[in-house]
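So that you can see what the record holds, here are the features copied from Swiss-Prot:
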type: BINDING; residues: Gly15, Lys16, Gly17, Gly18, Val19, Gly20, Lys21, Ser22; note: ATP binding site
type: BINDING; residues: Cys212, Cys215; note: [4Fe-4S] cluster binding site
type: REGION; residues: 255-281; note: region 'Disordered'
type: COMPBIAS; residues: 268-281; note: compositional bias 'Basic and acidic residues'
Amino acid sequence: MPLDGVKNIVLVLSGKGGVGKSSVTLQLALALTLQGKSVGILDIDLTGPSIPRLVGLEDAKITQSPAGWVPVPVHSATDNATGPATGSLRCISLGFLLRDRGDAVIWRGPKKTAMIRQFLSDVSWGETDYLLVDTPPGTSDEHIALAEQLLTTATTDAAAAAAGGRPRLAGAVLVTTPQAIATSDVRKEVNFCVKTRIPTLGVIENMSGYACPCCGEVSNIFSSGGGRAMAQEMGIKFLGVVPVDVKFGELVEGGKIQDGSDSEDEGETARQEPEPEAVDDRPLVERYKDCWSYPRFEEFARTLIADIDGA
């Protein structure tokens with residue numbers, strides 16, 4: 001059965017490119033994992049897959065099992081005796097199937113549609129509480145194929161999903177930046193959800209301000225509040241704002257997260273030999289908790305869990 005073992009499916013959508021859908025998808029996944037949920041990420045941005053890079057596994061490859069394709073593991077579930085348990089995190093992306101990470105994907109619509117259908121039917125996810133689907137911008141062939149396939153194999157009705165053992169298409173999280181050019185395109189994505197009868201779970205206003213890496217204070221460099229205003233106007237739940245987080249950027253780029261502290265005597269520091277940086281070998285899930293944006297996504301994750309599981 002397609003998506004066997006998957007309980008809830010959440011789409012991450014935006015009508016505009018460059019608003020941070022992939023980073024929002026990953027941070028939601030990490031936050032849900034830290035809530036003890038088993039999470040999968042399905043990256044259907046076929047021409048620009050970002051998830052392999054964000055999780056630091058660009059050289060990983062998808063393996064085959066009798067049950068189907070096996071997702072690439074990012075984090076294994078843990079049962080901590082001294083702290084809260086964490087769930088597992090796995091992901092699937094076309095980036096894991098490319099011969100070389102620099103290969104361009106130049107496909108027409110029918111081939112994209114076939115690939116998405118294969119992702120939704122041939123992957124052995126196992127027991128997965130939440131499957132987050134990272135989508136490309138706009139409403140293209142990928143979105144149409146995704147909606148058609150999910151509305152056939154899954155259901156938006158919680159009672160029907162529980163009774164029939166089918167996955168539940170819980171809804172879509174819409175991502176925008178504060179600027180009007182982004183919110184105007186997200187309105188089209190809302191219209192897409194209405195026409196396809198996919199519920200909307202809420203709006204996240206990403207890149208809303210800049211979080212200082214030293215103290216965490218948020219400064220509104222550009223405009224702010226556009227996502228909230230759009231959500232209120234369209235009657236959609238507003239989940240919250242996320243500022244630009246330098247620490248998260250350092251995390252996904254493979255660098256060490258800096259604590260933001262500087263030496264009082266710069267001249268003395270310049271004369272000293274630099275000490276080798278200690279390698280932080282903690283799992284990605286644990287390192288993410290050091291990011292300024294984590295408390296915000298922790299709140300988003302709890303809200304989604306309450307809205308979806310409580311429905």
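Keep in mind that glycine also has a Cβ here, set from the backbone N, Cα and C atoms.
Residues Ser14, Pro137, Val175, Thr177, Ala182 surround the recorded ATP site, their Cβ atoms falling within 8 Å of the Cβ centroid of Gly15, Lys16, Gly17, Gly18, Val19, Gly20, Lys21, Ser22, which are themselves excluded. The Cβ neighbour count for Gly18 (ATP binding site), using a 10 Å radius over every protein chain in view, is 10. Within the set of binding-site residues (Lys16, Lys21), the lowest number of other Cβ atoms found within 10 Å of a Cβ is recorded at Lys16. Between Val19 (ATP binding site) and Cys215 ([4Fe-4S] cluster binding site), the C-alpha separation comes to 25 Å. Here the binding-site residues are Val19, Cys212, Cys215, and the one whose Cβ sees the fewest other Cβ atoms within 10 Å is Cys215. The two recorded residues, Lys21 (ATP binding site) and Cys212 ([4Fe-4S] cluster binding site), have Cα atoms 22 Å apart. Other Cβ atoms within 10 Å of the Cβ of Gly15 (ATP binding site) number 22 in total over all chains. For the pair formed by Cys212 ([4Fe-4S] cluster binding site) and Gly15 (ATP binding site), distance between Cα atoms is given as 29 Å, rounded to the nearest Å.
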